[in-house]
Amino acid sequence: MIASHMIACLFTELNQNQVQKVDQFLYHMRLSDETLLEISRRFRKEMEKGLGATTHPTAAVKMLPTFVRSTPDGTEHGEFLALDLGGTNFRVLRVRVTDNGLQRVEMENQIYAIPEDIMRGSGTQLFDHIAECLANFMDKLQIKEKKLPLGFTFSFPCHQTKLDESFLVSWTKGFKSSGVEGRDVVDLIRKAIQRRGDFDIDIVAVVNDTVGTMMTCGYDDQNCEIGLIVGTGSNACYMEEMRHIDMVEGDEGRMCINMEWGAFGDDGTLNDIRTEFDREIDMGSLNPGKQLFEKMISGMYMGELVRLILVKMAKAELLFQGKLSPELLTTGSFETKDVSDIEEDKDGIEKAYQILMRLGLNPLQEDCVATHRICQIVSTRSASLCAATLAAVLWRIKENKGEERLRSTIGVDGSVYKKHPHFAKRLHKAVRRLVPDCDVRFLRSEDGSGKGAAMVTAVAYRLADQHRARQKTLESLKLSHEQLLEVKRRMKVEMEQGLSKETHAVAPVKMLPTYVCATPDGTEKGDFLALDLGGTNFRVLLVRVRNGKRRGVEMHNKIYSIPQEVMHGTGEELFDHIVQCIADFLEYMGMKGVSLPLGFTFSFPCQQNSLDQSILLKWTKGFKASGCEGEDVVTLLKEAIHRREEFDLDVVAVVNDTVGTMMTCGYEDPHCEVGLIVGTGSNACYMEEMRNVELVDGEEGRMCVNMEWGAFGDNGCLDDLRTVFDVAVDELSLNPGKQRFEKMISGMYLGEIVRNILIDFTKRGLLFRGRISERLKTRGIFETKFLSQIESDCLALLQVRAILRHLGLESTCDDSIIVKEVCTVVARRAAQLCGAGMAAVVDKIRENRGLDNLKVTVGVDGTLYKLHPHFAKVMHETVRDLAPKCDVSFLESEDGSGKGAALITAVACRIREAGQR
C-alpha cells in the first residue's frame, strides 16, 4: 500500500516536472490577460483602418461591406432555396420558414460533387454543372414551376458591391475554373440558368459562410450580431453602424461587415507576439506573409504547430530521449484532430501514446504528459487570441450603441470550436475576463451556412415586403406639385370668402380686420408699455423706440405668473391682478405714476371692432375667469386701472401674436407685410387692400388681416388630402372638426400624427416587432421637440434610439430608421402645406397690386419653424415653387409678440400725431 502510494507521488512529481519544462520552453506562447488586452487594442485600430476610406486600401483587416443590413427578427416566412459552395462538394437546400406564432424552419438538402475536371475547366462548365444540379434538386422536390428566391453562400475571396452582386477576386481551395476571376458570380449563375431555360429563380443574396453563421443563429436569438468561424480557417463578421462604413454611401442603419480577420498582423502588428514556430509555419505555407493571424489560431495549422514544437524539443533532447522519426519530420503528420484527441479528459494521455507510436516514436510516460501540455498551450493560445479579437468587436458594438452594459450573442461554427474538447470553454472564459461589462452568449450554428444564406434571403424579402407596405401608407402623406397648387388655389378661394361681407359668416378662414393700417417706417420714437398675455405666465415690457442715428429698440421686461385661482376666479380679480403686476413693473423700473401708451398682445379668440377694442369670444388654454366672454378686454383693463387710482395708461392697441410678429420684423425690414407663426399652433396675417376688406368701411389704404388660417378645411375642402391619421387626431382632440389645417401643420399635433402612424405600423407587424407598448398608446408622448431632435442631421441613430427609449419605446436600429422616416414625411407635409398657404397669401398681395413680380418679406415666429432642422427649408422651397413671380424673404422674429404690440402702439401714435398736426 505504501509502495503504490510512493509510486503515484513519484509519477505526479515527474508529470509536474514535465509540465514545468514545457511551460518554460513555450513561455512566449502563454499569453497574459495584459498581453491579450494589448492585442485587442491593436485589433480595434486595425478595424478602424479597414473601415476608413483613406486607410482601407492599405489596411490588413479589410472590413468588407456585405450589404446585409438587418438580422432576422423572427417574423420571416416563406420558401427559399440556398446554394452552399465552398469546396469540392456543394449543397442545394430548400428552406421553409413559418411564422404562425411558432418559429419553425424545415430544411431538405442534397450534396453534389464537383468533378476535378470541372473545377479546373472553364467557368461556363462549372456554372452549367451547378445549374444542372439545381435543376435536379428542384425536379426531385417537384418545385421547378415555382420562381423561388435563392441565397448563395460563396466562400471564396470576393469584392461585393450589392447584396446580389459579388466579384470573385481569386480562386482558392483547388479551384481553377477559367474566366471567372474578376466576374460577378451571381451573373454567371443567372446566365447558366437562362441557358437551360427549364426553370427560373430570383437570386436575392450572395454571402460568405461567416455571415451565413450569424444569420442562422440570428433567427433563433435576435441578439445575435456577431458571426465567428474557427475551423480549417477563421473569420468573423458583425453588425456595424453605417455612419462608420466609409466605402458605402449613406449613414443610417447598420450593415454586416465581413472582417477577414485572418489577415490581422500581415502588416507586422503582431511581430512581437509571433513565435519562431509561427514564422516557420508561415514560411512553409502556400501563402507566406499572408493570413498570419489565421495561421496562429485555425485548425489548418494547429496540429502542424504542435509537430514543430515536438521536433524542436526532441532536438534539444527535452523529449523522446533526443530521438526523431521520419514520420515526425513529415509536414502535416500531426493533425488538428490529434490535438483534440490528446486533450480529451478521459484517456488523453493514452491517446497521446498511440499517436506518438503512430509517428514512429517510442514515448515514455513523461513524453506523453509533455505532448498533452504542448497541445494544451497551443489550443489555449488559439482560444485566447480569438477572445482578444472578439473582445475588440464587442467593445466596438458597445461603444456604437452607447450602452454601459452590452448584451450580445455570437453565432459560432467551425470544427475547432465544435470538436475540440476545451476550446469553446476556454474562449468563453477569456472573452468574459477581457470584456467584463458585456453579457455574451455563444450560440452554435447547427445547420451550416446554407441555412444562413436562406435566412439572409428571408430577411431581404421581409424587409422589401415591409418597406412596400410602409411606403403605401406613407404615400398618402406625400403631396405632389399638382396637389400643392390645388391647396394654394383653395386657400385663395377661402380667403376671398372670409373677406366678403356676404360669405364671411359661413367662411372657415375668418380674415379678421385688425385695424392695424401701417407697418413701421423707422420714424417711430418714444417709450411704450407692452402687455403680452397668452398663457399662465404673462410679460410686462418697457419698449424704448429711438429714431435717427440712434435708431433701435431697447427692451426691459419682467415675467409674472397667474395663479390658478385667479385664472378660474372672476374677471375683476384677473384684471386687478394684471394691473397689480403693471404697477409692480413700473415701480421696478423707477417709473411709478408715469402715464404711457400701451400695446396689448391678447392671444385668445376675439372679435376686433377697432384698434383699441377687442371682444373676447371664448377663453382657451385653461382660463375660466367669469364675466369676460362677450366683453371688450380693453375696457376691462381700463376699469381695473381706474379702480387702482395709482396711474393712468393710454391703451392704444390690442393685437394677436401673429400681427405682433409682422410688426416686430417690419421694424427691421420695410418690405415685411406678412406675419406667420408655426409653433404649437399656426396662423398668418398680411397687409390687405382696404377695398377688399368688406367688413370695414373705407376704400383707401391697407389693413392687416388676421387670417385665422388654422380653420382652413373646416368646411370639408381639404377632406381629399386628410388621411385616416389626421381624422383620428382630430376626433380625439379637444375641438373635433375645428382647426383642421392647424392640426395638419402645427407642432401641437404633428407628434400625434406620428404616434398614430407608428401604432398602425406596429399593429401590422411593420415596426417594433409587432409589439405595442402601453407607452405607445399614450396620447401626447411625441412632443414636437422630439420630432425636431429625431430629424436632426447631426444625430446618429444611436441617439434616436435613446430618445425612443426615453419615451419608453425599445427599438432596434431598423425601427429607428422607420421612426425617423415617419417623422420626416409628416414634418415635410406640414412644411409643404404651410408653404402652399403662404404662396396663396403672397400671390394675392401681388395680384392686389397688379404686379408682374412682388418683393416681400414674411416675419416668422414659432418653435416648429425655428427649431425643426428641415421645416423652414422645405417651406421656403414650396413657396418658391408655387409662387414663382414672388421674391419672398423670411425673417425670424427674435423678440416675440410683446415688442410687436409696442411697435403697433408706436406706429399708431405716429399716425395719430401726424393727424393732429
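Just so it is clear, glycine is given a Cβ too, placed from its N, Cα and C backbone atoms.
Among the ranges 1-16, 449-464, the one that Swiss-Prot lists as region 'Mitochondrial-binding peptide (MBP)' is 1-16. Residues ASP532, LEU533, GLY534, GLY535, THR536, ASP657, THR680, ASP861, GLY862, THR863 are given by Swiss-Prot as D-glucose 6-phosphate 2 binders; from SER500, SER626, SER889, SER897, that same site also lists SER897. Of the listed candidates (ASN89, ASN109, ASN235), Swiss-Prot assigns ASN235 to the same D-glucose 1 site as SER155, PHE156, THR172, LYS173, ASN208, ASP209, GLU260, GLN291, LEU292, PHE293, GLU294.
Binding of D-glucose 2 is attributed by Swiss-Prot to SER603, PHE604, THR620, LYS621, ASN656, ASP657, SER682, ASN683, GLN739, ARG740, PHE741, GLU742, and the same site annotation extends, among GLU572, GLU573, GLU708, to GLU708. SER897 (D-glucose 6-phosphate 2 binding site) has GLY535 as its nearest neighbour among the binding-site residues SER155, ASN208, PHE293, GLY535, LEU864, going by CA to CA distance. Each residue in the region 'Hexokinase small subdomain 2' (521-655) gets a DSSP state, and the totals come to 37 helix, 52 strand, 46 coil. A distance of 15 Å separates the Cα atom of THR536 (D-glucose 6-phosphate 2 binding site) from that of THR680 (ATP 2 binding site). The most densely surrounded of the binding-site residues THR536, SER897, judged by C-beta neighbours within 10 angstroms, is SER897. Using DSSP to sort the residues of the region 'Hexokinase small subdomain 1' (73-207) gives these counts of helix, strand and coil: 34 helix, 56 strand, 45 coil. According to DSSP, ASN235 (D-glucose 1 binding site) is assigned to a strand segment. LEU864 (ATP 2 binding site) falls within a helix when secondary structure is assigned with DSSP. For the pair THR172 (D-glucose 1 binding site) and LEU787 (ATP 2 binding site), the C-alpha distance works out to 51 angstrom.
Residue pairs drawn from SER155, PHE156, THR172, LYS173, ASN208, ASP209, ASN235, GLU260, GLN291, LEU292, PHE293, GLU294, the listed D-glucose 1 binders, are separated by up to 20 Å at the Cα level.
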